[in-house]
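Trainee: Here it is, the structure, as structure tokens.
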Amino acid sequence: MVVFGAVVIAPGTGFFLNNEMDDFTTKVGEKNLYGLVQGERNSIAPLKRPLSSMSPTIVTKDGKPFLVLGSPGGSRIISITLQTALNIIEFGMSPPRSRQ
């Protein structure tokens with residue numbers, strides 16, 4: 001399981017670097033780390049971008065940042081980010097509770 005991207009923190013930032021090369025097809029017709037079957041159109045090639053579910057999210061309230069979200073999790077990133085946002089915004093959960 002890939003938990004923290006490339007497992008490298010950019011010096012002086014506190015941010016983990018991603019491992020987007022994992023989002024390219026390495027073996028056509030085979031499942032990747034998340035069980036998704038790899039296709040030819042997503043093969044590694046010059047000037048291509050990998051398919052990705054990355055969804056960095058900034059929610060504003062009264063024109064100011066209220067909530068900043070992102071998530072690891074491959075194909076689950078979008079649903080994890082949405083569920084966390086809904087738990088905080090609609091159900092009033094704390095950030096730690098919203099991820100449980």
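We count from 1, first residue shown onward.
Glycine is no exception: its Cβ is also placed from the backbone N, Cα and C atoms.
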Trainee: Just to be sure I read the record right: Asp23, Ser52, Ser53 are listed as binding L-glutamate in TrEMBL. Which of Gly74, Gly92 is listed for the same site?
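Mentor: Looking at Gly74, Gly92, the one TrEMBL places in the L-glutamate site next to Asp23, Ser52, Ser53 is Gly74.
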Trainee: For the recorded L-glutamate site, enumerate neighbouring residues of the same chain (Cβ within 8 Å of the Cβ centroid of Asp23, Ser52, Ser53, Gly74, site residues themselves excluded), in sequence order.
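Mentor: Leaving out the recorded residues gives Glu20, Asp22, Pro50, Leu51, Met54, Ser75, Ile77.
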Trainee: Considering the binding-site residues Asp23, Ser52, Ser53, which residue's Cβ sits among the greatest number of other Cβ atoms within 10 Å?
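Mentor: Ranked by Cβ atoms within 10 Å, first place goes to Asp23.
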